[in-house]
Amino acid sequence: MTLLLRINSSSRQTGSHSTAIADHFEASYRRKHPDCRVITRNVADGSIPIIGQKTIEGFYTEPASMTEDLKEATALSDKLIAELQEADTLLIAAPIYNFAVPAALKAWIDQIVRVGHTFSFDGNSFQGLAKTRRAVVISAYGAEGYLDGQPFAAANFVQPYLKFLLSFLGVEDIRFIAVQGTVADPEKVSASLLAARQECDLAA
C-alpha cells in the first residue's frame, strides 16, 4: 500500500487552479494505485502556525532534556514529519504569491525541516534524511513567462526554492507541473490546464 501526502497551499477555497490540477493528479494516482492511502493537508486553513520561540528551542534540545512544554511545542512538527517520512509520493500544490510560495506553505516547511529528523549536519556537510523519494509540485501563475528561458523566469522563486529544499531533504525525484496565465485569455487557460492534466496522468 502506497501513501500520497498532499499539501494544498492556495488560500482560494474555490477557483484555485493549483488545487484543481492537484485533484486531477490525485485521481490519476488513485487509478494507478487502487490500494493507496492519501493524507491531505490544507495548510491555508490556519492549522499550521508559524513556528515560535518554544518550537525552535525544542528543535535544538536533546531528547533527554525535553520538558513537557517543549514536547508540546514540537508535537505538531513530530506529526507532520511522521507523515512525510511515511509518504511514497509528496504532492505540493503551490500557487505563486508575489513571486514566492504562500506563507501557509512556508509554515509547513518550517515545521518539517528539522535537524536530526529530516536532515543532519556533521559540522562539514548536510545530509538529507527524508524517506520520501518522489515529489510532484503543481504551481499556478497568473501571468505567463515564469518558466526557464522565459522573460520572467528570474522572478520565479517557487520552483528554484522548492527544488533546492526538497533535494536538501533527500528527495531524489522532483517533478514540476505548471499552469501559466491563469488570469489571461480563457482559451489559453484551457490549453494550459489541459497540458497540466496530461502531465499529471504521466507522472501519477
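Just so it is clear, glycine is given a Cβ too, placed from its N, Cα and C backbone atoms.
Note: Ser16 (FMN binding site) has non-local neighbours Asn8, Ser10, Ala93, Pro95, Ala140, i.e. same-chain residues 6+ apart with C-beta under 8 A of its own C-beta. According to its DSSP assignment, Ser16 (FMN binding site) is coil. According to TrEMBL, the feature FMN binding site maps to Ser10, Ser16, His17, Ser18.
Annotated domain 'Flavodoxin-like fold' per TrEMBL: 4-199, in sequence order.
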What is the number of other Cβ atoms found within 10 Å of the Cβ of Ser10 (FMN binding site)?
24
Tell me the Cβ contacts of His17 (FMN binding site) under 8 Å, same chain only and six or more apart in sequence, or just say none.
Pro95, Ala140, Val179, Thr182, Val189, Leu193
Excluding Ser10, Ser16, His17, Ser18, which residues of the same chain place their Cβ within 8 Å of the centroid of the Cβ atoms of the recorded FMN site?
Arg12, Gly15, Thr19, Ala20, Ile21, Ala22, Ala93, Pro95, Ala140
